[in-house]
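Enquirer: Just passing along the structure, written as structure tokens.
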Amino acid sequence: MMRDVFRPTKSAPCSPAKPLGISRTQSESFHAIHKVPVGDSPYVRAKNVQLVEKDPERAIPLFWKAINAGDRVDSALKDMAIVMKQQNRAEEAIEAIKSLRVRCSDQAQESLDNILLDLYKRCGRLDDQIGLLKHKLFLIQKGLAFNGKRTKTARSQGKKFQVSVEQEATRLLGNLGWALMQRDNFVEAEDAYRRALSIAPDNNKMCNLGICLMKQGRIDEAKETLRRVKPAVVDGPRGVDSHLKAYERAQQMLNDLGSEMMRRGGDDKVEQRRLFDAIFGSSSIWQPQPCSEQTVKAKPKPGLSNGDGYGDENVKMSVNPVVVNPLRVDAKPFFSSKLVISNNEKLKRTRSSSQGMGMLSGIGGDHEGETNTSTRRRLSMEKKATECGLPDNKDFEDAIMAAVLGTETKVDKKRLKVFQDITLCLNQSL
């Protein structure tokens, strides 16, 4: 009964240890350079064929022979599966691991699971991949991962580094989210990504979460999620700007969604613009974030706004800005609406001195509540202006046209001369 509950831990079989006290020979140096173990066992011969002779097809049966002989079974099975994957024999590698992993030690089971996950992904067996990922996450939840330890030593690109249980959990949750998205199960994929991000922030997972939200039609949430993406860390485990590929995917999806919504908007330009703004409200957030340190932007000084709600980047902050007075401009002369007739044909009428008097009297009549003194003064000015008279020729007509249309031609000089004459006449009357 007890034998069924507790299984004794198996240790990894190995080749006979070489005797101590023997100096390193030239052959041993060769094996150290090529990372080939020393000896003449079946596993050593298989590794020599794989790494030195560069013949992976002939190395596969030699690994089989080493496993059957019980020589370094853990390493032989892992190496054989990797070589099979490189030779596009992933299905055979999966069956080999499933049938032979019972011969391996407990310490090798986790590494075999990781190789299986890669093989499942290569073969497109998403259901098997999702099931294995959930099983590994269950082991982490129960505290059975890493053989009960908090960290393990991993190897990537020839370098060793320590991996904690939390880091392994975020990696597995990210892979689970990706596999679920391939199955169009976006609800569970969103949950997996959010659980991973609750453990530790990650740019790549944040971008994939945004894509997952877009797949569900939650555009606003996706945009808000992508706004929180920070620049990549230089010495991160994935290298510089590891999330740029996910950013490109997000941008492509937004373009597709934008085209679809623009198509649904019909020919109405206003509706298309509204849909476009709803999707691409801030185009800057879809640009790849540079790999730089987090810096706090200085608050712009008052008055540096260029009118669009954003500060002017070209203004030197150390120099006091010159406040532009909007009233300090070369304004054109002011003309009352009583003087200007909207119909251009009516502007061509020939004006006499009596008409000029009527126009001037019309100006004075617009102001209500004038005192008797100001009224008498105005009538006196109108009388003397009538005596001076307005020019009864085409100059005055051209001046009025130029004032209405605002054209800057030679007529301006005539207009100025005409109005100078009027002003001079009025000044003399005062």
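Numbering starts at 1 and runs along the chain as displayed.
Placed from the backbone N, Cα and C atoms, the Cβ positions cover glycine too.
Feature annotation from Swiss-Prot assigns region 'Disordered' to 1-21, 346-376. For 40-73, the entry in Swiss-Prot reads repeat 'TPR 1'. The repeat 'TPR 2' annotation in Swiss-Prot covers 74-107. Per Swiss-Prot, coiled coil is recorded for 81-107, and the stated evidence type is sequence analysis. Sequence annotations record features per position, and here Swiss-Prot assigns repeat 'TPR 3' to 110-143. Marked as repeat 'TPR 4' by Swiss-Prot: 170-203. As annotated by Swiss-Prot, repeat 'TPR 5' applies to 205-236. Per Swiss-Prot, the feature repeat 'TPR 6' maps to 238-257.
If you look at the structure here, what lies around each of the features I listed?
Expert: In terms of DSSP secondary structure, the repeat 'TPR 2' (74-107) contains 29 helix, 0 strand, 5 coil.
The predicted model assigns the coiled coil (81-107) a mean pLDDT of 94.
The list of residues near the repeat 'TPR 3' (110-143) in space but at least 6 beyond its ends in sequence, with Cβ under 8 angstroms from a Cβ of it, reads 74, 77-78, 81-82, 85, 90-91, 93-94, 97, 101, 104, 152, 165, 168-169, 172-173, 175-176, 179-180, 182-183.
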Enquirer: Per DSSP, what is the helix/strand/coil residue tally across the repeat 'TPR 4' (170-203)?
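Expert: Tallied per class, the repeat 'TPR 4' (170-203) gives 28 helix, 0 strand, 6 coil.
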